[in-house]
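J.: Below, the features straight out of Swiss-Prot:
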{"type": "BINDING", "residues": "170, 171, 172, 173, 174, 175, 176, 177", "note": "ATP binding site"}
């Protein structure tokens, strides 16, 4: 029986262990095997045949439960429309395997590791199973260092750890995906780093936008595909829950190869981790498990841990993971975001209030929690500047109610100065993105950490008190703000 060579790393499959479908419940199948030939949990099985309309079918599924009486329950990785009872199911004898290595860069894959970009087959030469153990404790690297992103608000107030796990928390439409796209762009251009993007249950349009954006910015080089810096793995909203549940593991497996074999520092982007949880919840219900808190699966902690514990730094290389986390109804106590919190080194919370003001990226400094913002890690100058910025913004927040009642004129001179500087800081935290040039009309800017610290120190010290606050909006470094102020003065 011919099967997909990219899914399993073999060109033909010997029918050693053949079962047949006994029941189909949406994306979940019950399969009977001969006595003594039960497949293992997580083994992949192939269903090939013709549907009632005479069309060829090729469905891969993964064993999830052993039911007894020589039956297993499996979850399909693609649509089950057209499958019928009594169809033959061939056990491959191994978990799902996907292509890994340089051949994956610049290409788009589905959960099975099949290329879906119409650019031909992938000559990877090597495949890896998507189910693996986390690196041994002795292999872990505990060294702390900052990962510069070129985004002012992130680098100053919520710095990322190299080899850490970072969560982007926010409701719908506050800019999580745009921030991820900018990070991929900056990391590829400034660091020459390799990235793997896992699109887990997000909109197909967003996946297409990301691909087009990566081509425009030359992160994916269509003319010379080997020079590309990112591999894309998609399991979008229209896919069955099995694919959405496993596509994160496919992306992670590709990233692990760059870390373990090529000994590189890799970036792994997952958008969106909540869709991974939701897919697990759908599968859990179909497998007959009793729901837990708020209807989520009882195995939520285990499923999250099996993904997150593999994302780590070793002495050979690192995986720095940035995960978008959709927060249902903006409720951070929901079990899905709450379970994710436990695994993260830093959280970047995106605020609807800031987005409404037009401050992009809409990162909320008061809600974001960086574990790396310690003087012995980032240095005294960075730490003190960040603390002073936070204190100024916090004081501004406290004064807003008083100003709303009495007006700014009734405030003390000191409070008026604090408000003026805080408003400049708030605007200076905005930044034009390379990937959002179409929307903002401003060319994107990469700002180094040194320039970022210098700019905020100048605002805090009062050197720029005479400049209008609008000069600080959507600029890169502080020199641009002063130039913008000078230009507007001439125009007026």
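Cβ atoms are placed via backbone N, Cα and C, with glycine included.
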J.: Looking only at 171, 173, which of these binding-site residues has the biggest number of Cβ atoms within 10 Å around its Cβ?
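T.: By the 10 Å Cβ neighbour count, 171 comes out on top.
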J.: Three states by DSSP: which one describes residue 177 (ATP binding site)?
T.: helix
J.: With an 8 Å cut-off on Cβ-Cβ distance and a minimum sequence separation of at least 6, pull the same-chain contacts of residue 176 (ATP binding site), or say none.
T.: 168, 170, 271, 272, 324, 325, 326, 350
J.: At a 10 Å cut-off from the C-beta of residue 170 (ATP binding site), count the other C-beta atoms across all protein chains.
T.: 25
J.: For each of 172, 174, count the other CB atoms within 10 A of its CB; which of these binding-site residues has the top count?
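T.: Compared across 172, 174, the most Cβ atoms within 10 Å surround 174.
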J.: Any same-chain residues 6+ apart from residue 175 (ATP binding site) with CB under 8 Å of its CB? Would you list them in sequence order, or say none?
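T.: The answer is 350, 355, 360, 361, 362.
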J.: Relative to the Cβ position of residue 177 (ATP binding site), how many further Cβ atoms are located within 10 Å?
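T.: Excluding its own Cβ, the number within 10 Å is 23.
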J.: Excluding 170, 171, 172, 173, 174, 175, 176, 177 themselves, which residues in that chain have a Cβ inside 8 Å of the centre of the Cβ atoms defining the ATP site?
T.: 326, 350, 355
J.: Which of the three DSSP-derived classes (helix, strand, coil) applies to residue 170 (ATP binding site)?
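T.: Its secondary structure by DSSP: strand.
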